[in-house]
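See below for the structure under consideration.
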């Protein structure tokens with residue numbers, strides 16, 4: 001019996017037993033490729049002939065190559081080509097083959113047969129062959145004790161018959177007590193006596209494959225229809241059959257699992273080229289697996305960092321989105337040019353103020369100078385020109401976020417400076433022209449250009465001849481200040497800047513409210529100090545007067561975790577509860 005159990009453990013036990021080998025060969029013919037089994041024994045025969053020094057080994061090697069390994073006539077295509085090609089080259093050149101010339105092919109064939117053996121052990125053919133062999137060995141007994149054993153079997157059979165007769169006689173005596181005792185068995189075992197007659201217990205060992213328990217099965221019982229309740233009822237119905245089988249068959253056993261060679265204990269042959277190559281391939285495979293694992297971990301960490309950096313709310317994105325993206329970005333060269341223009345404007349303003357002539361209330365001018373300055377001297381139409389010159393260009397205002405409101409004083413100061421510079425630059429036409437005449441530079445054009453009132457072209461009339469072209473004008477002052485004001489507009493927060501908020505959560509405070517539908521709305525805003533009710537509503541775009549807001553505060557008497565405080569004043573400071581501002585909308 002122990003020899004038969006070895007069939008399931010290893011391939012060598014099957015190949016060394018004739019009965020198991022015949023069953024294995026029949027299974028290969030039916031379900032797989034039997035030529036690899038023939039090649040295995042042919043290689044063993046060649047190695048034995050080579051060891052004994054028989055001359056027939058050369059003829060056998062040619063037969064093995066032509067029948068199994070040849071690319072044209074061979075039937076073992078699964079063997080790699082680099083194992084078969086050297087053997088064919090040596091046979092074609094008439095070179096004598098070594099004793100271990102088929103060793104690489106033999107190793108490949110053994111691995112193939114081991115995989116087939118694992119499938120063969122789980123087949124019905126293997127179980128039938130195992131039961132057949134077990135029954136024949138159980139019936140075979142030594143010849144000297146045949147008469148004694150037959151006498152013992154006769155005695156056992158007669159004693160068994162008398163015991164069954166006595167049991168039948170006892171069972172026929174029906175009493176009230178016996179019926180009460182057998183009531184449960186009669187109701188739960190209905191029809192089992194007929195089933196026993198149809199399927200009597202066999203006198204052969206019951207062999208099955210090793211499987212897991214019902215609860216640990218890989219197949220779902222609910223999917224297959226075999227629920228635990230149904231399994232329990234089925235077990236109760238057929239329990240007596242299993243008990244009868246166990247009593248009749250004392251040799252019931254479970255087949256052992258297939259033994260697999262451990263990879264950890266594999267020894268590498270570093271003395272041969274193939275052994276070193278296999279060792280290098282194994283090391284490379286492990287290193288590549290480790291590199292892939294490291295790359296995967298790095299990619300996951302990068303994704304987590306990106307998620308942490310992008311932790312900003314929708315309100316921050318809406319407030320930080322710039323409405324006019326056509327203005328472009330300001331690089332360092334533009335900032336340097338702007339600084340030089342402003343510096344030159346300031347210097348030219350100082351120079352033009354020193355060279356400007358006295359007004360009508362000042363000292364009288366000389367006759368020569370007066371004749372030269374009569375063409376561009378301010379007239380009674382100067383107020384109209386001044387009105388056209390200092391006209392502030394209209395610009396569409398876009399909504400800004402809360403950080404822009406903190407700079408309103410600075411914007412007001414910029415607008416005031418713009419008005420003052422425009423008023424100072426209005427009379428620069430006459431002063432500049434007079435200075436040009438005194439310095440003997442190119443004279444200014446004497447033709448007066450009249451533009452319609454309110455036209456923007458009137459502000460662009462300035463002299464562009466000579467070095468004095470850098471003299472200030474309403475157009476240059478207005479354009480430079482307007483350019484600076486656009487830079488202030490572009491300083492509004494953008495989503496890229498808000499993405500850095502997630503790195504420093506200490507600068508944020510969490511505010512939230514619970515709506516009438518019991519859905520919480522949460523956001524994170526910069527912690528700039530105490531917050532008022534108006535700022536809280538502005539963050540969530542809540543309308544005024546629609547609902548009342550109750551804010552969480554610490555309970556005064558300590559009877560509850562918190563209490564709700566109704567706040568109606570828009571300028572009232574909100575309480576902070578557990579590091580956040582929480583409210584309920586009612």
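Placed from the backbone N, Cα and C atoms, the Cβ positions cover glycine too.
Swiss-Prot assigns the feature region 'Disordered' to residues 478-501, out of the candidate ranges 310-333, 454-477, 478-501, 502-525. Swiss-Prot assigns the feature region 'Disordered' to one of the listed ranges (137-168, 169-200), namely 137-168.
Across the region 'Required for interaction with apr-1' (1-135), the model assigns an average pLDDT of 87.
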